[in-house]
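See below for the structure under consideration.
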Amino acid sequence: MPASQSRARARDRNNVLNRAEFLSLNQPPKGGPEPRSSGRKASGPSAQPPPAGDGARERRQSQQLPEEDCMQLNPSFKGIAFNSLLAIDICMSKRLGVCAGRAASWASARSMVKLIGITGHGIPWIGGTILCLVKSSTLAGQEVLMNLLLALLLDIMTVAGVQKLIKRRGPYEMSPSLLDYLTMDVYAFPAGHASRAAMVSKFFLSHLVLAVPLRVLLVLWALCVGLSRVMIGRHHVTDVLSGFVIGYLQFRLVELVWMPSSTCQMLISAW
């Protein structure tokens, strides 16, 4: 028995793996799989929770806001300026809408204000231009009236296209009238009456010889038409101002593509 023990100790001393530099080879790897018994123990009810560092990291990731939310919480200077101007525009438009309803402060003047707005509607202007074109017997008059008709049709198509693209509602919930539906003027931006009044007034000031009082009255009429649309609550202030700008640009475009008398006569004869 002592001889067998001495032989076993000698065998252990001669084993290379028992040396100090090779002791790590006998240790199980730290990241290796655990024995089955330990795996079953971990899956039991006494399993330990995951490390606290992983849970804290997941909570931080879930609490992070998306990029668009951060942009909304920290808007740019342009966004702040635009929203401020929009709020001022809505506030001013509501204050100036003194004829917007039956309970408004100027409700008794609503009919007169609406009548001023009708003077800038497209249907009366197109019908009156066609009637004058039929009654006219001079080449110069037919040339001016034919280009005016072109400008009126251009105004209706431009305003209808921009309104359909923007789809901005007015400051008050008001349904458009039948005449507005005929000219496709159902939204607020831009104001079709204002663009038409600006274009027609500039057209008359450029192609008609008028006295100074008539010229002043023509400009005042265009301004009153735009103001009347705000007073009845149909448009915002910026809608009317944009309409004035669009009307002037339409006048400049008609001046660039002005139809001569020969072209007007050809169109009248074909018509």
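Here the Cβ of each residue, glycine as well, is placed from N, Cα and C on the backbone.
Note: TrEMBL annotation is automatic and uncurated.
Taken together, the residues in the domain 'Phosphatidic acid phosphatase type 2/haloperoxidase' (143-255) have a mean pLDDT of 91 on the 0 to 100 scale. Annotated domain 'Phosphatidic acid phosphatase type 2/haloperoxidase' per TrEMBL: 143-255, in sequence order.
Per TrEMBL, region 'Disordered' is recorded for 1-66.
The transmembrane segment annotation in TrEMBL covers 115-138 (among others).
Look at TrEMBL and you will find 144-166 (among others) tagged as transmembrane segment. With a cut-off of 8 Å between Cβ atoms, the residues of this chain six or more beyond the transmembrane segment (144-166) that come close are 122, 125-126, 129-130, 132-133, 136, 183-190, 192, 195-196, 199-200, 203, 207-208, 243, 246-247, 250-251, 253-254, 258-259, 264, 267-268.
For the transmembrane segment (204-227), same-chain residues at least 6 beyond its ends with a Cβ under 8 Å from one of its own Cβ atoms are 96, 116-117, 119-120, 144, 191, 193-194, 197-198, 240-241, 243-244, 251, 255. Sequence annotations record features per position, and here TrEMBL assigns transmembrane segment to 204-227 (among others).
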Is it possible to list how many residues within the domain 'Phosphatidic acid phosphatase type 2/haloperoxidase' (143-255) are helical, extended or coil according to DSSP?
84 helix, 0 strand, 29 coil
